[in-house]
Amino acid sequence: MLTIAMPKGRIFEEALELLRKAGYALPPEFVESRKLMIDIPEEEMRFILAKPMDVVTYVEHGVADLGIAGKDVLLEEERDVYELLDLRISQCRLAVAGLPNSRLNDIAPRVATKYPNVASSYFREQGEQVEIIPLNGSIELAPLIGLADRIVDIVSTGRTLKENGLVEFETIANVTSRLIVNPVSYRMKDEKIDELVERLAAVIANEEKAVL
Amino acid sequence: MSKLFTFEKPLGMRDTLPFLYNVKKRVRQAMAQELEQWGYEFIETPTLEYYETVGTASAIADHQLFKLLDQQGHTLVLRPDMTAPIARLAASRLYQHGNPLRLAYHANVFRAQQREGGRPAEFEQIGVECIGDGTVTADAEVIRLMIAALENVGLERFAVAVGHIGYVNALFVDVLGNEERANVLRRFLYEKNYVGYRHHVKSLPLSSIDQQRLLKLLELRGGTEALARARELVQTEEGKKAVEELEELWHALKLFGVTETIKIDLPLVSHMSYYTGILFEVYADGVGFPLGNGGRYDELLEKFSCKAPATGFGIRLDRLIEALPEAAADNEIECIVFSQERFAEAIQLAEEQRKKGKKVVLQHIAGIGDIDAYSKRYNITYLLGRAGKEN
């Protein structure tokens, strides 16, 4: 049995699609219910539905063998897990944004973000010493109400930024979802995991060819 | 900092209560028995060492060390592992005439934790160091011994992943030309970031054959067939030598009869610079983290002015206990509760029972707060009232 931790929401749908293409017989609508744990006995799989930031925790502790997590989460959390495959789904980027023509305040440079570790190491590498203000959501508010000059957040289409009158200044990293594996499971369940990775890799390679 | 509660301990420090203490003792004894039967001799070293020597030589990263100052202003460390102190001791005193030295230890080591502060910062490790033997049979012996010791404790489903850092280095230097570029790739493996590794390889100005060689490294997992594939990827002497060593190791482990448990895993890089040859990690069902690891570290003793090859392993006792089937509480303690007039009789009875190997508490009735609660904890024999009368 393989236990797979998945983030709820869009990534989950896209990942299921990939697994189906890889030939895993998953029922068409098993996300409807509010269940947090779903068993698929035919494929000897169990899915755990979790918050994106928590997926890496489940996998690091080995209560889930595998997980699907955005690169943004992996960069933020730096957990001891194998990052085996780039699934090429849920593409977006971690970016620095703010009000147009604004700059970091000299006296009190502040950056608001859901990604305090990523933000602080990025600005440190730029040689800037900034104060990081951790927020849990609606990060775009911070520059509008004068809490911070810059935000570090996920940008996919850029619509939310635009609607709030913000512009993107720099890209920190490109983000896609990754297949992650617990180091112990990677050895104790190596045959099952290698097979899953191989089948998924073939699907991803095919889709890339189709795009080209 | 907020005011400490009186029961608080420093972050990551734990108490060991009687039940766990007994389990630990039993597991430690079973491991130690096997290590001793292979002729390894137990030693102890100090808890405190100099940062400049043992601290910097250790495989444990600087930010994980607990440091303090002695009265002369020297920086000290709480030992973060046992390998570096044993290397110090072997280099300065025990390693002589170029003859192999087999040492074992069980000791608490100290590592400050960066995240989730409750993770243990002090834990017991048990392991061996085989110093002075550069042959592959020494590598095979420590792996075999680790398996034997774990089996002796009763561990059932576990696996040992075996890699060879010399192979990885030879392949990287052969394809990439220099150590600096090799280091970038090695870091991806160390961080277990295979996606990053592949992206980076594809971004390098290399022939597609060379790119494939680097990408195929990630697939070198499994049994002897993985070794055959490994041989095809390297052309240099160093690379071939590493494959030969692994083949020799496999052969030796086959003679020892333990290849079932072994998984070749060439992309395994468990440290950026410490290991010099064959290295391994051990995993068990039911625990999300490796139980322990080991490998060849031929450059460590040099740091203590004595050139000698060495290999060894260390197992974390806390994780091993987590992997074991839950132990039953087998700690029966008898208790004799007496009143003053039958004290002499109680002493005599206790001595008789202790001679039979029983654990016996001798307790004056007047010292007990709540006899009902007390009798739930022990099997009580009452010697109360006038002598000659039971109960």
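Placement of Cβ uses the backbone N, Cα and C atoms for every residue, glycine included.
Predicted automatically and left uncurated, TrEMBL annotations should be read as such.
Here's what TrEMBL has on this protein:
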DOMAIN    B:21-324  domain 'Aminoacyl-transfer RNA synthetases class-II family profile'
BINDING   B:D81, B:M82, B:T83, B:R111, B:Q125, B:E129, B:Y274, B:Y275  L-histidine binding site
Note to self: Taking only the residues in the domain 'Aminoacyl-transfer RNA synthetases class-II family profile' (B:21-324), give me the average pLDDT of this model.
What the structure shows: 94
Notebook entry, point to check: Can you tell which of the binding-site residues (B:Y274, B:Y275) has the fewest other C-beta atoms within 10 angstroms of its C-beta?
Noted result: B:Y274
Notebook entry, point to check: By the DSSP assignment reduced to helix, strand and coil, which category contains B:T83 (L-histidine binding site)?
Noted result: helix
Notebook entry, point to check: Looking only at Cβ atoms, how many others are within 10 Å of the one on B:M82 (L-histidine binding site)?
Noted result: 26
Item checked: Cβ-based isolation winner (fewest other Cβ atoms within 10 Å) among the binding-site residues B:D81, B:E129 -> B:D81
